[in-house]
Amino acid sequence: MNTFWNFGLLIFYVIPCILALIQKSTKFQEREYWYEEARVALKKRLASYEGKIGRAKNVVFLVGDGMGASTLTASRIFKGQRQGNQGEEEQLLWDTFPAVAMAKTYNLNAQTGESSACATALLCGVKANFETVGLDGKGKFESCYSSFSSRVDSLADWAQQEGKSTGVVTNTRITHATPSALYAHSPSRYWEDDGKVPIPSRKSCKDIARQLVEDDPGRHINVLLGGGRRHWLPKVAQDPEQPTDEGRRLDGRNLIDDWIRDKKKRNIKAEYVWNKSQLDKIEAKNVDHLLGLFAYSHMEFEVDRDKGQNGDPPLHEMAVKALSILQKNNKGFFLFVESGRIDHAHHYNNPYRALEETLVLESTLEAIMAKVDLSDTLVVVTADHSHVMTMGGLATPRGNDILGVDVKPSDVDGLPYSTLLYGNGPGHTAEHRMVPMVNATDAETHNRLHSAAVPRQWATHGGEDVPVYAAGPSGITQALFSGTFDQSYVPHAIAYVACLAEHAKRCQDADLVANRSGHGFAAVKTGVYGIGSQQSPPPSQGCSVDTNPATRTTMIGGKSGGAKSGAAIVLASSVLSNNGSSEQTNNTNPLNLGFALIATAAVLAFAIT
């Protein structure tokens, strides 16, 4: 009899607990959870705002990959000292923006975030699993099947749905972790070409480059400028700039030709370029779609960039060219710009290049600001994650060289140490710590690794919050971009200001009221300024599933090619181990499962006794 009652207790008490734990652990995987979290955050900020609710016809979103707070501070000083000043008093352009907030960068299953999952939060509005792209939490790393029902729309989708032009500009590969979140839905950020996709998955899941060329929203993006030709070209094709290297595609396809063919078929005026001189010749009036692939892999660091006509264009010129094409659309545009090599320099413990690439982003923003009107354009600047670089010293005087050493040596070993240090990375030395050169030449400063506390072939990311800067129409920008929030909130705030996705109706209703009253733009309160309890639109079905049997053949053989030669530092991708594979995998949360199993085992033991 006791056994019967004990089993009854098991069913009555333990099973509901297990179900509750499962429900709690899975709700974060759902897209709708993060959408509703964003709605709540928007309502909270709008509830106390009584000013004019304007709208942004245009959006410019700039991301510094790995541009955390220590990088921003050091770059500010670096900029001032290059101008002959002490440096600490200097301002970066985004320091003048009226709105500043902080974003939490953790991934759904990782305390310290990585680029593709952080980009999915920033560009798609949901927290994602480590190293997945454009998927909600149901998408599992390298699980093709899991990606079919977990894809999420991005800011590019939302902008195109409202008839806006879209553009992507980066100095990394155009198929790399951060930009790919705008158009791709992949269970692995590393599936940039079909050769990287595991053989069992190739028939069902497209690689990232193919998604960009064949699927929505990628095939409708007006401007694509960056690097990474190797993922577009087949094995048998030589790279035009580096003829000793060839493409990496195994399916025999030349996706550059496919991109051109698609545009011609749709009677779209399109051009493809691969160096600075070709880009300079592009006239916006004659081009509606532009593809520029300027490097075999990533584009060069600014300090290493070939500045001749046959070299790479600088990031600011790419952005301005993109703007000239996008601004032809009277419905507006969405432009994404990434300075992606900040991250790569930090992974190698090379702060000089990291700071230089941060100033590349600033000069790009300056060029953009000269071309846009903030009364109808929202400009947002942030980072996807931070890095483990720190800045410190003891009574260090104002104006001390930010790339130099503290004036006081260590009180333990009596040796000098750098102002900028890393928590981990290749700057670690096993037996004796790295002693910085006091009177280094420019070349030595540019190439020097700074000391790291823990040995690693690549430095890891930092897990702290990152700043979000915003400027745009009226006071609504300051109201929405305030406080501390999850990264996944950012695209929803952008969508609200720009009347995209579920917030499009806000502007449609306001236009109707304005037309009836004969006055200008007005706010319409549905819930709080148009934010009701409506559910988000259903996600697009499928995850770029390849249903064309003609494209499923593969070619084996050929060499893998190498990175662009001549660079002082060559970096392939962030967060990689020495064999190029992911260091972290997407595991389910063991804590909830562990509690459930312990509870079940305890009650079963009690029942048996």
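The backbone N, Cα and C atoms fix where each Cβ goes, and this holds for glycine too.
Curation plays no part in TrEMBL annotations; they are all automatic predictions.
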- prompt: TrEMBL has Asp65, Asp343, His347, Asp384, His385 binding Zn(2+). Which one of His289, His446, His450, His461 is in the same site?
  reply: His461
Query: For Asp343 (Zn(2+) binding site), which of these binding-site residues sit within 10 Å, Cα to Cα: Asp65, His176, Thr178?
result: Asp65
Query: Out of His347, Asp384, His385, His461, the binding-site residues in the record, which is closest to Thr178 (Mg(2+) binding site) when you go by Cα distance?
result: Asp384
Task: Enumerate the residues of the same chain, Asp65, His176, Thr178, Glu338 excluded, that satisfy the criterion Cβ within 8 A of the mean position of the Cβ atoms of the recorded Mg(2+) site; list them in sequence order.
output: Val63, Ser115, Ala119, Thr170, Thr172, Ala177, Pro179, Gly340, Asp343, Asp384
- prompt: For His385 (Zn(2+) binding site), which of these recorded positions sit within 10 Å, Cα to Cα: Asp65, Ser115, His176, Glu338?
  reply: Asp65, Ser115
Field: Close binding-site residues near Ser115 (active site, phosphoserine intermediate), where close means Cα within 10 Å, chosen from Asp65, Glu338, His347, His461
entry: Asp65, His461
Statement: Closest by Cα to Glu338 (Mg(2+) binding site), out of the binding-site residues His347, Asp384, His461, is Asp384
